[in-house]
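S.K.: Pulled these features from TrEMBL for this protein:
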type: TRANSMEM; residues: 12-39; note: transmembrane segment
type: TRANSMEM; residues: 103-123; note: transmembrane segment
type: TRANSMEM; residues: 135-154; note: transmembrane segment
type: TRANSMEM; residues: 160-180; note: transmembrane segment
type: TRANSMEM; residues: 238-261; note: transmembrane segment
type: TRANSMEM; residues: 323-347; note: transmembrane segment
type: TRANSMEM; residues: 386-405; note: transmembrane segment
type: TRANSMEM; residues: 417-439; note: transmembrane segment
Amino acid sequence: MFQNEAGTRPRYWLTLASGMLECLCFAGAVFGYASLVFVLKDDGYFSQLCVSIPDCSRQDEQFSLVFTIASFLNNFSTIVNGYIFDQFVHCQTKIANPALSALLFPALSCIAVGGILLLLTNIQVGNLFTTHRSTVITVYNGAFDSSAAVFFIIKVLYEQGVSLCSSFVFLSFCSIIHVLRTFLLMPKSHIPYPLPENYTYGLTCGKANTYNVKKFESMKDCISCDFSHLVASFRSCVLSWLFLWHLLWLSIIQLRHYLFIGTLNPMLNRLANNDPNQVSQYTNAFAITQLCGVLCAPWNGLIMDRHRGKPLSPGESEREADLRSSCLSLFLTSLQCLLFSVCASVPLLPLQYLTFILQVLNRSFLYGGNAAFLSIAFPACHFGKLYGLVMSVSGVISLLQYPFFTLVRGALGGDPLFVNIALILLTLQAFIHPVYVFIHCRKLARHREDAAQNKATYGSTLDETKL
């Protein structure tokens, strides 16, 4: 027993570390788009759309459309991948990021879709660390955010004379890492939760360990058959207020972030009076702050796991305790988004440093909190489908970023003031979700107390009757 445990624990940590490297270097590179746009403009992409040197609004519009499509597919593809996540083996969903070709629209979209697949298949690694499950999930999402710095590195290399093509060819060769990790450090099926004793996986699995896993899977199937009527259906989960308010919460905050990232380059050009040196300086500052996503995300996980190890209230389930603990995380995420929206709306260039900090902090809280909340609020057997659905619907809503951009460029004459005010008011709606979860937890606690009181009253009445 101890020999098996000594062999499995290092494997868990190696899986965690390699998954961190995978998410950090590949998964969310598309969100470093602002750095890539700077290079693409210098390379002459869509330059034929510029009427004059200062007037390149149609060029900016095309770059905005590229990111709109890529970010939409980044989200929308998860509805199919989430179903695969729940139904089939995970190694089949593991694909490598493709090299960037001359076709910017499909290339960036492929990078986005490949990146979200890497994140989705790595989220399950949190099941290996039961007491820190939410923390691991948020750390992976933080690494996903920080990988936006990959395009910043490409920008720096480009300024040092390394061509864009060479950088992406190198990244494509690095994709062999995904293939090797899939076979060596990932299971052929789900990582179960709760985790069975001495659970192991990979090419070196011994017969005894394999038997334990198969035995666990068989037991799990039997339990699912016998108690399936006790598990909430997928339809009831989707139609619950918990899910609907969560969907609205994610959609609003994500729309604000996507619009900011997609329009960052033209915004900096406007505030810097088209000074390329200042635009490059602030673009680099934004990219560097993205690296901090992996440092900010664990804070949210620690907030959500702060009750772990403490005794539960009488009659309180672990799920209820997890849900109650998530209220603070949801509220802080909404508050961060409000502050971020206000700062982004002020047309003052030096203030954008603070905007960048708030943006990366909020984004690291958002996606880690989203995955962690779905994993604790709903049955594990529906996680992949719910994650895919919430990301896909929010991706459809994120398409509004392009009409907002064209509205600013057209009817508003390049002044985003009214759009920013509308987004601030929209952000206020995100506070509904944490308030609802708090009220929901209070109701659950009240029902638990009433049930305990009724049981005590019934018990005393029964004793009196016997006397």
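Any Cβ shown, glycine's included, is placed from N, Cα and C.
Note that the coordinates shown come from a computational prediction; the quantities given were computed from them, not determined experimentally.
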S.K.: So are the transmembrane segment (12-39) and the transmembrane segment (323-347) touching or not, going by 3+ C-beta pairs under 8 A with a sequence gap of 6 or more?
M.R.: no
S.K.: Assess whether the transmembrane segment (417-439) lies in contact with the transmembrane segment (238-261), where contact requires at least three Cβ pairs under 8 Å among residues 6 or more apart in sequence.
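M.R.: The answer is yes, given that the two segments have at least 3 Cβ pairs within the 8 Å cut-off.
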S.K.: Who are the chain neighbours of the transmembrane segment (238-261) in space, where the CB to CB distance is under 8 Å and they lie at least 6 residues beyond its ends?
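M.R.: Tertiary neighbours of the transmembrane segment (238-261) are 31, 33-34, 67-68, 71, 75, 330, 333-334, 337, 340-341, 344, 359, 362-363, 366, 370, 373-374, 377-378, 386, 389-391, 393-394, 397-398, 400-401, 404-405, 423, 426-427, 429-430, 432-434, 436-437, 440.
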S.K.: Short question: which residues 6 or more past the ends of the transmembrane segment (323-347) have a Cβ under 8 Å from it?
M.R.: 249, 252-253, 256, 260, 270-271, 300, 303-307, 354-355, 358-359, 361-362, 365-366, 369, 372-373, 376-377, 416-417, 420-421, 423-424, 427-428, 430-431, 433-434, 437-438, 440-441, 444
S.K.: Do any residues of this chain, six or more beyond the ends of the transmembrane segment (135-154), have a C-beta under 8 angstroms from a C-beta of it, and if so which?
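M.R.: Answer is 16, 19-20, 23-36, 39, 115, 119, 122-123, 125-126, 128-129, 164, 167-168, 171, 284, 287-288, 290-298, 300-302, 304-305, 360, 363-365, 367-372, 375.
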